[in-house]
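Listed features, source Swiss-Prot:
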- F16, S17, G18, G19, Q20, D21, S22, T23, T24, C25, L26: ATP binding site (BINDING)
- C193, C201, C204, C207: Zn(2+) binding site (BINDING)
Amino acid sequence: MQLTNPNRDRKAVVIFSGGQDSTTCLFQAIQDYGVENVEVVTFQYGQRHAIELEKAKWIAQDLGVKQTLIDTSVIKAITQNALMDEQARIEQHGSTPNTFVDGRNALFLLYTAIYAKGQGIQDIITGVCETDFSGYPDCRDVFIKSMNVTLNLAMDYQFHLKTPLMYLTKAQTWQLADELGVLDYIRQHTHTCYMGVEQGCGECPSCVLREKGLREYLSSKSEAEIDV
């Protein structure tokens with residue numbers, strides 16, 4: 001994997017949870033910008049799967065990128081959802097799962113933009129995805145584009161919000177990881193489970209989507225190899 005940036009005048013910050021999607025984005029950013037030009041921002045917001053914070057810290061250190069941890073746990077006092085309530089059952093409520101955290105991605109993008117401007121960084125990368133967005137309205141492309149305009153106007157600064165996974169299925173995200181040469185790394189070191197089970201519970205929506213995508217990708221890869 002290329003670790004030097006052909007455009008050394010640009011830097012990027014990745015919104016980083018230590019999960020499959022954001023770690024894939026981080027590896028792509030390292031390839032595109034160079035490891036010396038990439039930082040990550042991680043958020044502690046009272047998530048029940050706090051093990052992701054440990055994973056994020058370990059991965060950032062392992063890859064040699066600067067990590068900034070931002071505490072936004074105040075959100076836990078003003079909204080309720082199954083992602084922050086350890087006693088709540090994870091289930092679907094209408095078209096939106098009860099794991100949806102109102103305002104989370106808007107808050108993450110705002111805080112990251114504030115940090116990025118202070119560092120002279122314009123490119124902000126987030127792993128949100130519309131194809132497998134699970135009913136989360138703040139994972140849609142229309143939201144990201146709207147937020148990009150809002151942040152630019154609010155801070156009189158030219159941010160570029162980048163969403164490399166926006167139109168990829170989970171299987172295609174696994175394919176991207178494989179193309180980057182980090183499929184096994186993503187499988188072994190990232191955390192996705194909403195329940196906070198280190199190797200995954202295999203039952204929550206996030207685990208199901210991750211495993212389904214992996215099976216689909218490995219199956220299609222195997223078929224392609226047979227056809228060659």
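Even glycines carry a Cβ here, placed using N, Cα and C.
This view paints the features noted in Swiss-Prot onto the structure.
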residue: F16; record: ATP binding site; Cβ neighbours (10 Å): 32
residue: G18; record: ATP binding site; Cβ neighbours (10 Å): 25
residue: Q20; record: ATP binding site; Cβ neighbours (10 Å): 25
residue: S22; record: ATP binding site; Cβ neighbours (10 Å): 23
residue: T24; record: ATP binding site; Cβ neighbours (10 Å): 24
residue: L26; record: ATP binding site; Cβ neighbours (10 Å): 26
residue: C193; record: Zn(2+) binding site; Cβ neighbours (10 Å): 21
residue: C201; record: Zn(2+) binding site; Cβ neighbours (10 Å): 17
residue: C204; record: Zn(2+) binding site; Cβ neighbours (10 Å): 21
residue: C207; record: Zn(2+) binding site; Cβ neighbours (10 Å): 18
When the Cα of C207 (Zn(2+) binding site) is compared with the Cα of each of the binding-site residues F16, Q20, S22, T24, which one is closest?
Q20
With a radius of 8 angstroms around the mean position of the C-beta atoms of C193, C201, C204, C207, what other residues of the same chain does the Zn(2+) site pick up?
T192, Y194, M195, V197, G200, G202, E203, P205, S206, V208
Compute the centroid of the Cβ atoms of F16, S17, G18, G19, Q20, D21, S22, T23, T24, C25, L26, then list the same-chain residues not in that set whose Cβ lies within 8 Å of it, in sequence order, for the ATP site.
V14, G127, T190
Nearest of the binding-site residues (C193, C201, C204) to G18 (ATP binding site), judged by Cα-Cα distance:
C193
Rank aside, I only need the closest one: which of the binding-site residues F16, Q20, S22, L26 has its C-alpha nearest to that of C193 (Zn(2+) binding site)?
Q20
To the nearest whole angstrom, state the Cα distance for the pair T24 (ATP binding site) and C204 (Zn(2+) binding site).
21
Roughly how many angstrom lie between the C-alpha atoms of C204 (Zn(2+) binding site) and Q20 (ATP binding site)?
15
Rank aside, I only need the closest one: which of the binding-site residues F16, Q20, S22 has its C-alpha nearest to that of C201 (Zn(2+) binding site)?
Q20
